[in-house]
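Undergrad: Copied straight from TrEMBL:
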DOMAIN    21-316  domain 'BBS7 beta-propeller'
COILED    332-359  coiled coil
DOMAIN    374-484  domain 'BBS7 GAE'
DOMAIN    492-594  domain 'BBS7 platform'
DOMAIN    597-710  domain 'BBS7 helical hairpin'
Amino acid sequence: MELHLNRVDYIQVGVTSQKTMRLLPALGKKATQKVAIADHDGILTCFGMKKGEAVPVFKTLPGQKISRMDLGGAAGTPQEKIFVCSGSQVRGFTKKGKQFLTFEANLTETINAMHVSGADLFVCASYIYNHYCDCKDQDYYLSGDKINDILCVSSEDTSRFSPVLACQDRVLRVLQGSELAYDIEVPGAPSVLELYNKDGGEEILFGTTDGKIGLVQIGERSAATKWEIDNEKKKGGILCIDTYDIIGDGVSDVLVGRDDGTVEVYGFDSSSEPTLRFDHILSESVTSIQGGCVGKESYDEVLTATYTGWVTALTTEPQKAEAGPGDEVRMSKETQSKIEALRAELEQLQVKVLQGREQYQQTSQSSTAVSAVPVFSINDKFTLCQDDASYSLTLEVQTAIDNLLLQSDVPIDLLDVDKNSAVVSFSECDSEQPNGNFLLATYRCQANTTRLELKVRSIEGQYGTLQAYITPRLQPKTCQVRQYQIKPLSLHQRTHSIDQDRPMNRLSLVGQFSFAEIHSWVVFCLPEVPEKTPAGDSITFHFHNTFLGTQLEASYCKGEGHFRSDNISTISILSDVLSKEATKRKINLNVSYDINDDSVSHTLNMIHPKLEYQLLLARKVQLIDALKELQVHEGNADFLIPEYRNILDESANLLEEYKKQPAHLERLYGMITDLFIDKFKFKGQNVKTKVSSLLEILDNYDLNSLLDFFSEA
């Protein structure tokens, strides 16, 4: 079934957070619904549509940034009371705008997730979950990692309800009272949860930061995954989900909003498997999504709110082109009056802009002038992509970006991003100087670019800071700096278990350090480790290297730390960095190693397919120009053997792939060289003089020759 939706923009409010726009229940079967939206200015706006115009129902005064919104009401009645949270405070409003609740949660941090169900209020700060009933404290739970969202499922046959926490460590935690009942592993860090059936039930939809979607059924003691959708097209992370029958086949469809501006509608076929039926790209991240009827009676629509506060509908109502060239007479009176009103509003805005500029010029030149820097919001995300072992840096600004300067004091590669239309230029760097730069790149953006996506790849063992200087198109000129840490083991990603049968190397540390101190060292070394010191006396984390597929186990407690990996280089990096951190704090460490020689051949075998593929790709690319010359000279390519004809046919794809992976071959050479040096370093031998012989073997690569060289050296 084909689905055709047309875009209509309603209003713009301030910058919005995730899940801060909701549709109020309709008063009748065909009646249009009111929209409630809250922004970073602390304003809650409720409006409805009348004759194509947004008509306000109420608007609150500005205040502290609103981070979440939910609808609630007594059980069995329409859920039309609006609850918003700012800082650690929850406020409740009626649908007419009257405030009936101000509740101060006993949290020292900002509430970043909230769920309302009857008299029950569930709120979460970064690591803390609280349950209140009639504003009285009921349950409390301290999570092992950052909480991104919360939802409550209820069983149909009992009065049991179970809060579900979406946590950053790729786990959904199901609670019973103040205790953890069980947890569910999901394929990515879950960023949003939504009930599949809005009236309750045990089925929960989840979306992840790396763009995957799934449905799980929550039982009393375990959960079952119904389906999952992988992110094969590398679209953005999921920020919001809703369910609504927009297709009109009697089955609730899944509406999805992503951080790259993609809006998707998934319908269900006869096999109950979700199928993409519609997608549309907005220019900025979609923070909230709802299905309903807002613009016109009987016309369903997908309503979205974006980061900069635009409320936009994708409606089933046909948008007729009522007037073509020379067709102005046929234009309806409603459309004519709308155009006249827009023209008048545009003229008023132009006058206001001119007056503002004149006023600014006068005040800036007066003797009492005070410099005022314009404030602007930046939504940024720096995440490790598992598929290609690179870091994705996404920057979104509430106004158009003029330029962006990237500066790094650590060697990194910039990778091509198809979505990025900015023009990049590189400046010369002097990395030999103290505090020198390894990268200086400027991105000049096209007009009206509010969102930039970049990709960088780091080298493990090289750590430092990547800085982004963002300059928007504002007067007077202003700039904000964002810093991102490149960690020593930057390409490692958290996982829930590792293969214990691999040949493992071991690093053990013993010394007079606290649990909090060694945890801070692990946070410094590895990504995706919670900043907060874990509860309990000890902790074990598992990681896998997204580039090579090697693994790491970190297990530590007060005065003791044990690290196991099938890659000697990982152990070497950890040993160097942890010793340096302990020395800074004047802590004596007793360091011991248990090196397994079998792990070297195991790691080389893991590198082998990647190296072989890259060498073959490089050779094919080298042949392209010569083959094209032969083709031009002979008039066709029929005389070439099939292998060479295939290279010519695939030349565009080969060149594109080679261009997308700069320094890939050098990176693999570097890893093998490091492995060689590290193997003998632990035996007390310096083999740097033999590196040139190793590189010769790599240039004429053969796995058996390489393995022999490692064992004979």
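Each residue, glycine too, has its Cβ placed from N, Cα and C.
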Undergrad: When each of 374-484, 492-594, 597-710 is checked against the domain 'BBS7 beta-propeller' (21-316) for Cβ pairs under 8 Å, which one has the most?
TA: 374-484
Undergrad: Using DSSP, what's the helix, strand and coil tally for the domain 'BBS7 GAE' (374-484)?
TA: 0 helix, 60 strand, 51 coil
Undergrad: Any idea what the model's mean pLDDT is for the domain 'BBS7 GAE' (374-484)?
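TA: Here the mean pLDDT over the domain 'BBS7 GAE' (374-484) amounts to 88.
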